[in-house]
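Annotated features, as they stand in TrEMBL:
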BINDING   A:E42, A:I361, A:H412  Mg(2+) binding site
BINDING   A:C61, A:C64, A:C406  Ni(2+) binding site
BINDING   A:C64, A:C409  Fe cation binding site
Amino acid sequence: MVSIEIDAFTRVEGNGGAEVIIENGEVKDVKVKIFEGPRFFELLTLGRYYWDVPDLEARICAICYLSHSVASVLGIERAFGVKVSKEIELLRELGLLGELLESNALHLYLLVAPDLFGYSDAIRMATKHGEIVKEGLAIKAFGNYIREIIGGREIHGINVKPGGFGRYPTVEELERMERQSEALLRLARRGVGIFAGQEALGAKPVHYIAVNGYLYGDKLIASDKDTFDYFEHIEEKALSYSFAKQSRYKGEIFMVGALPRVLLKSEMLTPMAKHLYEEYKEKLAQGYVSLNNLAQAIELVYALERTKEITRELLDKGIDGENVPIEPQEGEGIGYVEAPRGVLIHHYKIDEKGNIAYSNIITPTAFNHAIMELSLYEEAKRRYGTSDESTFLQKLEETVRAFDPCISCSVHVVRL
Amino acid sequence: MMLKLGVFELTDCGGCALNILFLYEKLFDLLEFYEIKEFHMASSFKEHDTLDVALVTGTVSTQRDLNLLHYARNHSKYLIALGTCATHGDVQASVEGKIREKLEKVYGTKANPMRALDSTPIVQHVAVDYALPGCPYDKDEIYQILMNLAKGVEPPTKDYPVCIECKLNEYECVLIKRGTPCLGPITLGGCNAVCIKSKVGCIGCRGPLPKEANPAGEFEILKELGYGEEYIRRKFKTFARGELRW
Ligand code: SF4
Ligand code: SF4
């Protein structure tokens, strides 16, 4: 038995690698190893006053901190039975759109594009294809601008609060968002053409899972048309070779992320994004995990169009800036959010004083751990012996990258 | 002569490494002086070489982290502990308990095949040439520091509390006027008091102010406002557990 080690995936967030096990000249198994150290977020929040918790949970991941803040706030509000206004709902959605723009653009233009153009990174790629890198950066910077206004900072802002916000955006800020989303649409449309070109890599998942609303909701949906709470059908298990656990849906491997979102929720897309979805429908339906990149590119168009819709609606109506008062009481609640990489769950039980008594957080990369491993296995099997070693390794890395894995967030899977 | 730069990420949220990419065009300005030899979040390029400057983010939370940290230290002339994880331990170091107990609670077993350690800041393990806290740090600050180093100047260290920047921005004091718990008076400034702009209290993410801070005074103020001692203590040590001053 021999094995090929990928010491550390590059151009992914966090620390992880893989081991491809070869027996009698054949790929026998692949292990995806997450060796980023555990950070014990659920232990960190136990006993803490609810108000302080979203700010701490944000630190799980920088690329999608706002998804964590929102999921945390939703879980807390549901535990208390708090209902917020339409305005607050729209502003939260706006924040999540900013995050989708920032994260998808980072992934596509800085991490994936160098593979398509044959460079080791976007900085080196910029010498020949500067305009593409710059376009991606422009979209990403706009996403960050929205995160800064809604979330309070580009990274780890503390403006998203149970019951509302610390500070509400001004008319000028909303107008600027409306203008910029319009201006960037053309670039995002061009991006769809660029990322549609990637070859099929990895496995085809048996199931896709997403949240019932496009960016957040109160239940999960699956490709077999079920609507459910995560603990009904999803099971996790710990592994000896990884700090991240693996999950199964009704005992089978599934995927979360942009591809599941556009496939399961195409009817919720905005006009231009829907049009693009129709154009690539057959391709997307092939289901290979690398099509996640194309789905992310379509989502950039969606996010810009939706940002325009929301800012217009808020500008027409005017901002009230009213928070909903909260009286802590004993309760249990789950927040379901679509982080850019897929389904994110924050589940809490809170005691009568408002302190966290139980907390369970499941992140998209943990959900995707099993399908990632299967994808590497299938890709390795297809290629072993037919491509040279550097292509072999390159394609395995590309397969992993398609998941846009965010490894630091995958290691907090726990049930207490 | 181009300076050789490496970015090393130990266990963390990725924010301090990501923040470098958020420099946008300023990143390209830096690249006129620096050549990136290692930055695994952003590049597949890697060259084992002696570095002029190493930026290290995160806490030492596994044996692998520790090895990587020693590698970075042994291969660089100037090492910067970047972000509160690296300088003070950040949130993960504030989780109570021994590693085996924590592993048991989370993974259901005391076995530790991946060699996890209790999280500690890197400054506890190696000598650093510069420590820049912040969760994350202010990105203009790292830009200035790297520019200074490129010009052969030792970068200055900040030594004033968040309150100063709050006053400069003319924000209303949330601690006195609203009774919101705010750690601004005892937290190192440099973030432009960004959280007070959002009308919420500083949670201390840049770590304690090293010199004249008066944590005992802050403790009394919060107690008078009606916050429990345990609550205040936890708040104080969230980002800087290892720090004796808090
Ligand atoms: S200091 Fe904060 S932003 Fe930086 S890596 Fe640590 S948790 Fe992330
Ligand atoms: S105000 Fe406090 S919590 Fe906010 S960024 Fe500054 S130091 Fe961190």
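Including glycine, each Cβ sits where the backbone N, Cα and C put it.
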Rounded distance in angstrom between the Cα atoms of A:C61 (Ni(2+) binding site) and A:I361 (Mg(2+) binding site): 12
Candidates from A:C61, A:C64, A:I361 close to chain B, where binding-site residues are judged by Cβ under 8 Å: A:C61
All-chain count of other Cβ atoms within 10 Å of A:I361 (Mg(2+) binding site): 25
Between A:C64 (Ni(2+) binding site) and A:I361 (Mg(2+) binding site): CA-CA distance (Å): 14
A:C61 (Ni(2+) binding site) in three-state DSSP notation: coil
Per DSSP, three-state class assigned to A:I361 (Mg(2+) binding site): strand
Sparsest-packed among the binding-site residues, when each Cβ's other Cβ atoms within 10 Å are tallied, from A:C61, A:C64, A:C406: A:C406
Between A:C64 (Ni(2+) binding site) and A:E42 (Mg(2+) binding site), the C-alpha gap once rounded to whole angstrom: 18
A:E42 (Mg(2+) binding site) and A:C406 (Ni(2+) binding site), Cα-Cα, nearest whole angstrom: 18
